[in-house]
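S.K.: Supplied in structure tokens, the structure appears directly below.
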Amino acid sequence: MSRSLLILDRDGVINLDSDDYIKTLDEWIPIPSSIEAIARLSQAGWTVAVATNQSGIARGYYDLAVLEAMHARLRELVAEQGGEVGLIVYCPHGPDDGCDCRKPKPGMLRQIGEHYGVDLSGIWFVGDSIGDLEAARAVDCQPVLVKTGKGVRTLGKPLPEGTLIFDDLAAVASALLQ
């Protein structure tokens with residue numbers, strides 16, 4: 001199972017990101033080819049889980065019902081392509097709330113590992129920010145940076161040692177399915 005578990009950040013990896021937050025279902029727009037990439041991985045036997053910071057809830061920009069609608073849309077679009085999305089975990093807290101789940105802390109990644117009963121060592125965690133990559137390193141996941149979302153900006157910062165870099169999630173899927 002561990003070799004076939006992939007963990008993804010959401011905003012900037014699966015869907016377009018915004019510095020103003022994704023606040024409505026209409027603003028949740030998949031990155032071209034990301035839905036197909038998840039479906040391809042799922043069809044090949046991969047479990048694709050999601051770990052996403054959603055501080056917009058703590059900030060009052062949207063509520064849990066809106067977040068759940070976005071995740072239902074994600075699951076629906078992937079299912080239409082013949083795939084499945086695994087566990088989706090989110091941190092609803094703000095940056096100053098002192099929780100253990102908000103990336104770069106690795107709480108959400110640990111939760112996914114516990115859910116699937118796997119050691120996270122070597123599991124790929126795909127993100128577009130330094131926080132994603134640092135969370136990956138904290139639990140010995142393989143940090144993977146995509147150039148979508150904030151990825152190009154992130155390239156200008158010091159990356160954790162051994163970070164793999166891909167153009168987008170479709171390129172990650174192609175590499176894993178070779």
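Just so you know, glycine gets a Cβ as well, placed from its N, Cα and C.
Copied straight from Swiss-Prot:
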{"type": "BINDING", "residues": "Asp9, Asp11, Asp128", "note": "Mg(2+) binding site"}
{"type": "ACT_SITE", "residues": "Asp11", "note": "active site, proton donor"}
{"type": "SITE", "residues": "Thr52", "note": "site 'Stabilizes the phosphoryl group'"}
{"type": "BINDING", "residues": "Cys91, His93, Cys99, Cys101", "note": "Zn(2+) binding site"}
{"type": "SITE", "residues": "Arg102", "note": "site 'Contributes to substrate recognition'"}
{"type": "SITE", "residues": "Lys103", "note": "site 'Stabilizes the phosphoryl group'"}
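Surface or core, plus neighbours and distances: that's what I need for these features.
M.R.: For Asp11 (Mg(2+) binding site), the same-chain residues 6+ apart in sequence whose C-beta sits under 8 angstroms from its C-beta are Asp17, Ser18, Ile22, Thr52, Asp128, Gly149.
A 10 Å cutoff on Cβ-Cβ distances gives Thr52 (site 'Stabilizes the phosphoryl group') a total of 23 other Cβ atoms nearby, all chains included.
Of all Cβ atoms in the shown protein chains, 15 besides its own fall within 10 Å of the Cβ of Cys99 (Zn(2+) binding site).
Arg102 (site 'Contributes to substrate recognition') is surrounded by 23 other CB atoms, counting those within 10 A of its CB over all protein chains shown. Under the DSSP three-state reduction, Arg102 (site 'Contributes to substrate recognition') is assigned to coil, being neither helix nor strand.
Taking Cβ-Cβ distances under 8 Å and a sequence separation of 6 or more, the neighbours of Lys103 (site 'Stabilizes the phosphoryl group') in its chain are Asp9, Ala51, Asn53, Cys91, Gly127, Ser129, Gly131, Asp132, Glu134, Ala135.
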S.K.: Within 8 Å of the centroid of the Cβ atoms of Asp9, Asp11, Asp128, which other residues of that chain place their own Cβ, given that this set defines the recorded Mg(2+) site?
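M.R.: Going along the sequence, the neighbours come out as Leu8, Arg10, Gly12, Val13, Ile14, Asp17, Thr52, Gly127, Ser129, Asp132, Thr148, Gly149, Lys150.
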S.K.: Distance check, please: Cα of Arg102 (site 'Contributes to substrate recognition') against Cα of His93 (Zn(2+) binding site), rounded to an integer number of angstrom.
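M.R.: That separation, Cα to Cα, works out to 7 Å.
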S.K.: Sorted by position, what residues of the same chain at least six away from His93 (Zn(2+) binding site) have a C-beta under 8 A from it?
M.R.: Ser55, Ala58, Cys99, Cys101, Arg102
S.K.: Taking the center of the Cβ atoms of Cys91, His93, Cys99, Cys101 at the recorded Zn(2+) site, which other residues in this chain have a Cβ no more than 8 Å from that point?
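M.R.: Result: Asn53, Pro92, Asp97, Asp100, Arg102, Lys105, Gly107, Met108.
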